[in-house]
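According to TrEMBL, the protein has these features:
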- 13-148: domain 'MARVEL' (DOMAIN)
- 153-297: domain 'MARVEL' (DOMAIN)
- 12-40: transmembrane segment (TRANSMEM)
- 46-67: transmembrane segment (TRANSMEM)
- 79-101: transmembrane segment (TRANSMEM)
- 121-138: transmembrane segment (TRANSMEM)
- 150-177: transmembrane segment (TRANSMEM)
- 192-212: transmembrane segment (TRANSMEM)
- 224-246: transmembrane segment (TRANSMEM)
- 272-291: transmembrane segment (TRANSMEM)
Amino acid sequence: MDPQGGHYLNKAAVLSGVGAARMCQLLLGCTTMALVAHSAGFSATYGTYCMFVWCFCFAVTLVVFTLDVTRLHGCMPISWDNFTVAFAMLATLMYVTASIVYPVYFLRSECPSEGCEVRNYRIAVTVCSSVCCFAYGAEVFITRAKPGHVVGYMATVSGLLKVVQAFIACIIFGALANDSEYNRHIPTQYCVVIYSLCFAVTVVVVALTVSGRTSSLRFPFDRFVVIYTFLAMLLYLSAAVVWPVFSFDKKYGTPGRPEDCPRGKCPWDSKLVIAVFTCANLVLYFTDLVYSQRIRFVSHSAA
């Protein structure tokens, strides 16, 4: 028997803080799916989204945990540390939205027609999903960049913000597809181009980082990221001005929400969501730019 055989398993993947966080994620994710499948139930687009989040995050977490324990992640042609922290950040955001969407559309103070037991199951689903947000957030907190430690780009504030920016862009796209009437004016179509362009480049930046291919590029990747972040901030600044004007100004749109607008299918609601998250992404790109400049300054000083 090979005396070194035990080293094929990574005990730190189980006994470390990250390992504990991942085991909690698996336990809570499995419990959430079981509760939904058993009695809580789901329906329509919003319920399908929540179920997708819980299944997707559980499946990827199980793969990550298994590969980490067996050390097989070394066979993957990716930057493992960048991938795991990027996924943990994404899973945190997805769980937060699911933990908000599910009770909003499926939980009421009074008992549904199926009975009070169904309501209790739905409360349990909401609690498990909400607690799981903290489990994924704990992994991000543990693996984030710390002073004096060499980490991958995705573990830095700038890298984590890239994930948040892309996720918020997805929320904007969802609102655009939900009767936002963006095609009524050319300036609002211009805003859609901005959202699409910035989302595409952000995804490319994350993909290049996770794939570990940044060192093979023929241009300085860090400088490209800073320049892109600056341009994206300017583009989002213009969208943050243009979209509200052509959506809520009396000349082009409706300042207030129409009284006869149905819940979930109201163009005014979609326009408001887009306006709010446009401003949110503007703030994120500005913060990203400031942090990126600070990182460059510190590294130059240390040299």
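Each position is counted from 1, following the chain as shown.
The backbone N, Cα and C atoms fix where each Cβ goes, and this holds for glycine too.
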Query - Residues of the parent chain within Cβ reach of the transmembrane segment (150-177), under 8 Å, 6 or more residues beyond its termini - result: 79, 81-83, 85-86, 89-90, 93-94, 97, 140, 143-144, 192, 195, 198-199, 202-203, 205-206, 209-210, 214, 225, 229, 270-271, 273-274, 277-278, 280-281, 284-285, 287-288, 291-292, 295
Query - the transmembrane segment (79-101) vs the transmembrane segment (224-246): 3 or more CB pairs under 8 Å - result: no
Query - Recorded stretch that, among 46-67, 121-138, 192-212, has the most CB pairs under 8 Å to the transmembrane segment (224-246) - result: 192-212
**Report entry** Rounded mean pLDDT for the residues that make up the domain 'MARVEL' (13-148)
**Finding:** 89
Query raised in the report: Short question: which residues 6 or more past the ends of the transmembrane segment (121-138) have a Cβ under 8 Å from it?
Result: 17, 21, 24-25, 28-29, 31-32, 35-36, 38-41, 50, 54, 57, 88, 91-92, 95-96, 98-99, 102-103, 106-107
Query raised in the report: Using DSSP, how many residues in the domain 'MARVEL' (13-148) fall into helix, strand and coil?
Result: 113 helix, 0 strand, 23 coil
